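S.K.: Input: one structure, supplied below.
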Amino acid sequence: MEVSLNDPASNKTSAKSNSSAFFYFESCQSPSLALLLLLIAYTVVLIMGICGNLSLITIIFKKQREAQNVTNILIANLSLSDILVCVMCIPFTAIYTLMDRWIFGNTMCKLTSYVQSVSISVSIFSLVLIAIERYQLIVNPRGWKPSASHAYWGIMLIWLFSLLLSIPLLLSYHLTDEPFRNLSLPTDLYSHHVVCVEHWPSKTNQLLYSTSLIMLQYFVPLGFMFICYLKIVICLHKRNSKIDRRRENESRLTENKRINTMLISIVVTFAACWLPLNTFNVIFDWYHEVLMSCHHDLVFAICHLVAMVSTCINPLFYGFLNRNFQKDLVVLIHHCLCFALRERYENIAISTLHTDESKGSLRVAHIPAGI
């Protein structure tokens, strides 16, 4: 979603775009321990997000060769966009927040903000497509059923829409040293320091775009998914009641309860992970004076970190709580371990062979000439 651009991951003007944001710069520094813990947390989320989503994509790719599955196609797209979020949001945001300046150049200033917004949009719209697919599967099983081709078309459309939606960010971001010009600290220390911020023709344009973006990247998808999953839960509850009256198949009733829990968890987790960051962004856009304090950057980083946790939780809900995916994951890990052991064994065998050949060569070289 819209990430406040205190960092490149944000889709908004940073507090650094105004030199007054540095009023506390000389006397206020984030605690070293807090920054260290933040860096460790970012690293853990980055590793878990990439590994979890790569595992899902690998498993789905193998299963897709056996049979085309709409749900798996959409989950793979979600995982791909989540990987982009991990790669393009977490490292740049962490470094920018810790260093308090932008070090990656003007091109990356524009590109990272653009790619981050695109990947975040794709992740959220992928969740919407999954909600639609599950709604049709459970609530309206006799109606229109999305096919694999429909899934691919849907994926193409959300990528195209996300690319177009984020173009204003590509055009508005630039580098500036303005926040460092009026510091009372030695100017030599900050002579080459710059920040990556948005620049709009007017505050009205910036507010209009940022508000529209946060609506499209958070509130509208959340409301849509809430309605879809609410109808799904109601539908499953009615089926559970029928099963109770007929005293049929208790295992099916248990499975439906598990699905209910998972669906509710999906919506709650999505809303909870992104709520702090979007709240921060709304406050910054409309009441930014409230945020001009010592720990502004630290508060932003914590909110951003919580949002990034969603990239780790999505594989959990959409894959690892699925029994079939659990089995496939075990098989994947087994194959990886076996491959590693086989490679090691072959290397040892080749090394031994070379050693034996060397010894043989030495023995031949020392055979007396008269024999």
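Cβ atoms here come from the backbone N, Cα and C positions, even for glycine.
The following feature annotations were taken from Swiss-Prot:
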- Cys109-Cys196: disulfide bond (DISULFID)
- Asn11: N-linked glycosylation site (CARBOHYD)
- Asn18: N-linked glycosylation site (CARBOHYD)
- Asn182: N-linked glycosylation site (CARBOHYD)
- Cys336: S-palmitoyl cysteine (LIPID)
- 1-31: topological domain 'Extracellular' (TOPO_DOM)
- 53-72: topological domain 'Cytoplasmic' (TOPO_DOM)
- 94-111: topological domain 'Extracellular' (TOPO_DOM)
- 133-150: topological domain 'Cytoplasmic' (TOPO_DOM)
- 172-213: topological domain 'Extracellular' (TOPO_DOM)
- 235-263: topological domain 'Cytoplasmic' (TOPO_DOM)
- 285-297: topological domain 'Extracellular' (TOPO_DOM)
- 319-371: topological domain 'Cytoplasmic' (TOPO_DOM)
- 32-52: transmembrane segment (TRANSMEM)
- 73-93: transmembrane segment (TRANSMEM)
- 112-132: transmembrane segment (TRANSMEM)
- 151-171: transmembrane segment (TRANSMEM)
- 214-234: transmembrane segment (TRANSMEM)
- 264-284: transmembrane segment (TRANSMEM)
- 298-318: transmembrane segment (TRANSMEM)
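Can you tell me where each of these features sits in the structure?
M.R.: Cβ neighbour count for Cys109 (disulfide bond) (all protein chains, 10 Å cutoff from its Cβ): 22.
Per-residue confidence over the topological domain 'Extracellular' (1-31) averages 43 (mean pLDDT, predicted model).
Counting residues 6+ beyond its ends, the topological domain 'Extracellular' (94-111) has Cβ neighbours under 8 Å at 6-9, 35, 38-39, 42, 169-170, 173-175, 193-196, 297, 300-301 in the same chain.
Within its own chain, the topological domain 'Cytoplasmic' (133-150) is flanked in space by residues 68-71, 73-74, 228-229, 231-232, 235-236, 263, which lie at least six positions past its ends and keep a Cβ under 8 Å from the stretch.
Within the chain, the transmembrane segment (32-52) has long-range Cβ neighbours (under 8 A, six or more residues past its boundaries) at 82-83, 85-87, 90-91, 93-94, 97-98, 298, 301-302, 305, 308-309, 311-312, 315-316, 319-320.
Distant neighbours of the transmembrane segment (73-93): 3, 7-10, 42, 45-46, 49-50, 53-54, 56-57, 60-61, 64, 104, 108, 112, 115-116, 118-120, 122-123, 126-127, 129-130, 133, 148, 151-152, 154-155, 301, 304, 308, 310-311, 314-315, 318-319; these residues of the same chain sit at least 6 beyond its ends, with a Cβ under 8 Å from one of its Cβ atoms.
Long-range contacts of the transmembrane segment (112-132) within the same chain: residues 1-3, 5, 8-11, 71, 74-75, 77-78, 81-82, 84-85, 88-89, 92, 104, 146, 151, 154-155, 158-159, 161-163, 165-167, 169-170, 173, 196, 213, 216-218, 221, 224-225, 228-229, 266, 270, 310-311, 314, 318, each at least 6 residues beyond the stretch ends and with a Cβ under 8 Å from a Cβ of the stretch.
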S.K.: Count the other Cβ atoms sitting within 10 Å of the Cβ of Cys196 (disulfide bond), across every protein chain shown.
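M.R.: Around the Cβ of Cys196 (disulfide bond), 29 other Cβ atoms lie within 10 Å.
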S.K.: What residues in the same chain, six or more past the boundaries of the transmembrane segment (298-318), come closer than 8 Å to it by Cβ-Cβ distance?
M.R.: 1, 3-4, 6-7, 9-10, 30, 34-35, 38, 41-42, 45, 48-49, 52-53, 55-56, 75, 78-79, 82-83, 85-86, 89-90, 93-94, 97, 123, 127, 130, 262, 265-266, 269-270, 273-274, 276-277, 279-280, 291
S.K.: Near the transmembrane segment (214-234), which residues from the same chain, at least 6 beyond its ends, have a CB less than 8 A from one of its CBs?
M.R.: 1-2, 120-121, 124-125, 127-128, 131-132, 134-135, 138-139, 165, 260, 263-264, 266-267, 270-271, 274, 278, 281-282
